[in-house]
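Per Swiss-Prot, these features apply:
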- Ser5: phosphoserine (MOD_RES)
- Thr8: phosphothreonine (MOD_RES)
- Ser21: phosphoserine (MOD_RES)
- 187-452: domain 'Protein kinase' (DOMAIN)
- Asp314: active site, proton acceptor (ACT_SITE)
- 453-561: region 'C-terminal' (REGION)
- Ser488: phosphoserine (MOD_RES)
- Thr489: phosphothreonine (MOD_RES)
- Cys558: cysteine methyl ester (MOD_RES)
Amino acid sequence: MDFGSLETVVANSAFIAARGSFDASSGPASRDRKYLARLKLPPLSKCEALRESLDLGFEGMCLEQPIGKRLFQQFLRTHEQHGPALQLWKDIEDYDTADDALRPQKAQALRAAYLEPQAQLFCSFLDAETVARARAGAGDGLFQPLLRAVLAHLGQAPFQEFLDSLYFLRFLQWKWLEAQPMGEDWFLDFRVLGRGGFGEVFACQMKATGKLYACKKLNKKRLKKRKGYQGAMVEKKILAKVHSRFIVSLAYAFETKTDLCLVMTIMNGGDIRYHIYNVDEDNPGFQEPRAIFYTAQIVSGLEHLHQRNIIYRDLKPENVLLDDDGNVRISDLGLAVELKAGQTKTKGYAGTPGFMAPELLLGEEYDFSVDYFALGVTLYEMIAARGPFRARGEKVENKELKQRVLEQAVTYPDKFSPASKDFCEALLQKDPEKRLGFRDGSCDGLRTHPLFRDISWRQLEAGMLTPPFVPDSRTVYAKNIQDVGAFSTVKGVAFEKADTEFFQEFASGTCPIPWQEEMIETGVFGDLNVWRPDGQMPDDMKGVSGQEAAPSSKSGMCVLS
């Protein structure tokens, strides 16, 4: 009997069962009651001090943080005078993600509902110039000036009223809960998914919510022996800083006795390199529409990084992962570098041979443009099922590969349409000044290329487009466990005070936005966000448990999710 294969089958079965038991609507089935009970909102006496330490700005609290946004909108909903502004806010967001065919009708309805003085929901706080532009305008971004005006209005008096409300106190309760330590015991490990230079990646489940994650475990001794502290901290800080549906998110960072752990978005569909070569070995590569869809999502992920002064430096098919629905995210930011304030370029050899731009190979200073060269290589490989500088399966020394990148003109097989060939050529320009890429703070120059003529960028970025391929939910897109291999024990490494301090700094706990999203999507937020119908202070704020409350209190509560 092949016990290695048996181990893989058993591990895969357990993991697939866990995947099947969880979705956003039926989370309770996969929750651990013991740990769920520990997710309990504290009395106000425990969290009032947070007023002094939290950033209480309108944008950060009410627009960026999911629970903050929900509570602010719930507050507005309970105050009739703020109803028109709230509804206009939501309707503009709905318009921005609507199908093109529906937008004219929605625009007309929006103008009639909020911009006409006789309308029931007339927004009298809007100035005449903003209203006139919204009435006369057309096309993308039509109502963005209007949305900015609405949010500017809500960020003044309504926001100050929110800060004096029970809804803000509820926000403090959630921030207290968010800050509580959640370490190794909160997570159940399933099978190993892969192995890197410093440790392994496991599929895991957050016990209290049932949500599945990937846990990257960096062995402490191996990190110290191979001088990996700086790289690990850079990756962790960058992951914590970025939040995009096109980049894996960091939800938790903690330490165990042996490892530093990064709990991140799990991508069950495997990497696109696997799909290029292994799914249909007789016909490797993607049809162009599929390659274009993935490229568009990668462009949005790169733009998010570059707007935050982060150069990725390791874009390649292995680092682009598919989720359950078939959308892709950029992963593995271990080689990324963040430019300092005022810095426009950096130096340093980093990346994968065949994907590194000429200026990087020559040891010159470089900027975000190196990532768009790598994007060109990645798109080429998606379509051609080979790299632009070597044939499939060809063994090429790095020195020879470097010369090809610097000097060789790229040839294109017949699989490339004129648009995809032109786009690749624009990305694979040897001269970074001529290369298509990030300009003036955005990737609009790429978005307007004919390659993306069928892509609705608004809907893509809202996650509303249907992917061209959906991974099989019954398949684990990972190597067999015995093929992943195992690390040998690291000997002769002792930790000192400086090591312990580094580990403690690394283990920063929960990341606010992903954690709040988890609470909402798994139903925990709705379960705990209980209010009295008479508008008085809920029992949990007073520190009164459900058992201590009056017998009739259960029927006298309402839940707002």
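Note: Cβ is positioned from N, Cα and C throughout, glycine not excepted.
Bear in mind that the values here come from a model prediction, so they are computed numbers and not experimental data.
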Averaged over the whole of the domain 'Protein kinase' (187-452), what is the pLDDT? 95
For the residue listed as 'active site, proton acceptor', what is the tally of other C-beta atoms lying within 10 angstroms of its C-beta? 21
Reduced DSSP assignment, Asp314 (active site, proton acceptor): coil
